[in-house]
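Participant: According to Swiss-Prot, the record shows the following:
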- Asp223, His316: Mn(2+) binding site (BINDING)
- Cys104-Cys145: disulfide bond (DISULFID)
- Cys216-Cys235: disulfide bond (DISULFID)
- Asn37: N-linked glycosylation site (CARBOHYD)
- Asn71: N-linked glycosylation site (CARBOHYD)
- Asn81: N-linked glycosylation site (CARBOHYD)
- Asn98: N-linked glycosylation site (CARBOHYD)
- Asn192: N-linked glycosylation site (CARBOHYD)
- 1-12: topological domain 'Cytoplasmic' (TOPO_DOM)
- 36-384: topological domain 'Extracellular' (TOPO_DOM)
- 13-35: transmembrane segment (TRANSMEM)
Amino acid sequence: MAFRHLASAKLKTFFVLCAALLLVHAMIYKVPSLYENFSIGSSTLIADVDAMEAVLGNTASTSDDPFDVWNSTFSPISEVNQTAFMEDIRPILFGDANETRPHCNQTPPHLVGPIRVFLDEPDFATLEKIYPETHPGGHGIPTECVARHRVAIIVPYRDREAHLRIMLHNLHSLLAKQQLDYAIFVVEQVANQTFNRGKLMNVGYDVASRLYPWQCFIFHDVDLLPEDDRNLYTCPIQPRHMSVAIDKFHYKLPYSAIFGGISALTQEHVKAINGFSNDFWGWGGEDDDLATRTSQAGLKVSRYPAQIARYKMIKHSTEATNPVNKCRYKIMGQTKRRWKTDGLSSLKYKLVKLELKPLYTRAVVDLLEKECRRELRRDFPTCF
């Protein structure tokens with residue numbers, strides 16, 4: 001009797017294990033993935049063609065001549081010697097403009113759709129070994145063809161080295177596959193100042209523009225990692241909100257007018273909206289201000305389909321030097337009146353250091369907080 005019970009128990013266990021294996025097999029090979037417009041059969045991803053057409057439909061056509069749009073008529077950064085320093089390193093950083101290779105295809109040939117997100121934290125020496133083809137300053141160029149888009153990635157930064165290494169790992173992997181002529185500019189604010197994301201974006205645009213004839217600029221938070229390689233970091237027809245679906249927000253827009261996280265604009269767009277506001281010291285407001293000035297300039301914010309424009313956000317704690325800006329709503333309430341005079345046209349800063357790191361260009365800047373707050377107090381006397 002005991003033997004029959006034991007045999008029966010083993011038989012039940014066997015059937016349970018078989019059922020579990022069949023269920024796992026079905027989940028892997030038959031069930032649609034989390035990406036709504038993908039299905040998985042074996043290990044082959046079948047993309048929704050309409051989604052990719054929407055991406056390409058939002059990509060601007062660019063000039064065949066890589067240097068014909070370079071407008072070098074910029075005002076001095078703040079001191080003449082800084083501008084001269086940039087002129088000296090420009091040929092070292094970006095080399096010769098002569099090209100004999102064919103242009104890259106409009107659709108990069110090696111895209112697969114959803115990709116692995118690297119969350120490990122390799123040190124810089126390891127990353128340099130992983131991406132040996134990257135030129136000084138974090139400049140990547142395709143070797144087999146001439147890139148159709150010249151893109152500067154602007155990253156506002158302070159005291160998040162682990163996040164920076166993770167982001168560099170993910171971005172270099174993605175951007176090389178997309179056959180872009182790109183460089184990553186990390187704009188680092190000096191210590192003992194309230195963080196100012198919008199102004200750092202303006203500084204990054206200003207510094208990057210002096211080094212190379214970029215066609216477009218992608219303003220990129222350090223804690224956002226792309227999940228799909230069809231999310232092209234190319235020049236947009238209209239200003240593009242790129243971080244449409246973020247895991248922290250359950251891959252949904254928190255609100256319809258959001259324009260934060262990652263935004264892509266051509267040089268013409270940036271000039272038309274006068275860049276970002278310089279006046280949002282602390283957390284919040286500058287992204288909504290950006291949306292308002294984009295609308296005021298007669299432009300519209302575009303987005304890729306949510307199943308492509310997906311990001312993972314690296315978790316982080318609240319930073320003492322980035323407190324909530326309690327005056328953000330008062331400043332935002334005046335954007336329609338102030339946007340033409342608050343931005344690139346009023347940008348003041350001091351370039352402390354410019355370094356060509358193997359994987360990125362590092363610009364350390366003093367945003368002159370005390371001086372700028374005194375000027376801002378005239379418009380908002382109860383805030384500062």
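Cβ atoms here come from the backbone N, Cα and C positions, even for glycine.
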Participant: For Cys104 (disulfide bond), what is the tally of other C-beta atoms lying within 10 angstroms of its C-beta?
Facilitator: 19
Participant: What's the CA-CA gap between Asp223 (Mn(2+) binding site) and Cys216 (disulfide bond) in angstrom, rounded?
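Facilitator: Rounded to the nearest whole number, the Cα-Cα distance is 21 Å.
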Participant: Restricting to the topological domain 'Extracellular' (36-384), report the mean pLDDT as a whole number.
Facilitator: 84
Participant: Return the count of C-beta atoms lying within 10 angstroms of the C-beta of Asp223 (Mn(2+) binding site), excluding that atom itself.
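Facilitator: 19, counting other Cβ atoms within 10 Å of Asp223 (Mn(2+) binding site).
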Participant: Inside 10 Å of the Cβ of Cys235 (disulfide bond), count up the other Cβ atoms and send me the figure.
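Facilitator: Step by step: centre on the Cβ of Cys235 (disulfide bond), count other Cβ atoms within 10 Å, giving 27.
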Participant: What is the nearest of the recorded positions Cys104, Cys145, Asn192 to Cys235 (disulfide bond), using the Cα of each?
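Facilitator: Considering only the listed recorded positions, the nearest one is Cys104.
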Participant: Restricting to the same chain and to sequence separations of six or more, state which residues have a Cβ under 8 Å from that of Cys216 (disulfide bond).
Facilitator: Ala60, His149, Arg150, Val151, Ala152, Thr234, Cys235, Pro236, Ala264, Leu265, Thr266, Gln267, His269
